[in-house]
Amino acid sequence: MKAVLILSGGMDSTTLLYDLIDQGYEVSAITFDYHQKHKKEIACAQKTCAKLSIPHKIVNLSVLNDLAPSSLTRADRDVPEGHYAEESMKQTVVPNRNMVFLSLAASYAIGIGAGHLFYAAHAGDHAIYPDCRPVFVSAMSTAFHLCDWNDLVLQVPYLMLSKGDIAKKGIGLGVDYANTWSCYKGKERSCGKCGACTERLEAFREAGAADPLEYEP
């Protein structure tokens, strides 16, 4: 079965890549460079795909920095610190980002004859990111049935899982989490304070494992 995966280089999508390979999918990965501060995730995605011999496209979407400003992309906006579920984390929303990503990934999937499109939204995303909610996934799934004569199935298997659940699954699959990136601040080492870092650290604690990344003191 041919499938396309939106691969950021973070924990969730990297785990899903290993998961799909384990299930026997013939996976092609697509990564989007939208001028995010945390570009290290792109390098992680490249390294993972090279290691696993996965076809990998990187698409330049730096225009989102102009059209859809966010603290994830703008130098004049600080990435908020605190828990992932805090209201301040809404500053990290890139307006309509996943709809743009999914639309382009759908074109790629249809173009290469893949019948399945995957992305790794999970339960912890629902409160902050509108384009990770079940209702959004349902609407996009309907759109993909209508957008082309070739039927494309949108699959979001981690939609109701916590990040801790995903970490446990990934550890069982042998995911190399040292080659993933979560921190939104884009520094040499993870900050340990932004929402992405706090959720990642919680996930490893829940999974009973140590995070292999180094954090700022």
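Cβ atoms here come from the backbone N, Cα and C positions, even for glycine.
Keep in mind the model is a prediction, meaning the values are calculated, not measured.
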Look at the Zn(2+) binding annotation in Swiss-Prot, where C191, C194, C197 are given, and name the residue from C147, C183 listed for that site too. C183
Spatial neighbours of T15 (ATP binding site) that are distant in sequence (at least 6 apart) but have CB under 8 A: A120, Y158, I166, A167, K169, G170, L173, V175
Which one is it: of the binding-site residues L7, G9, M11, S13, L17, whose Cα lies the shortest distance from the Cα of C194 (Zn(2+) binding site)? M11
Count of other CB atoms lying within 10 Å of the CB belonging to C197 (Zn(2+) binding site): 22
How many Å separate the Cα atoms of S13 (ATP binding site) and C191 (Zn(2+) binding site)? 21
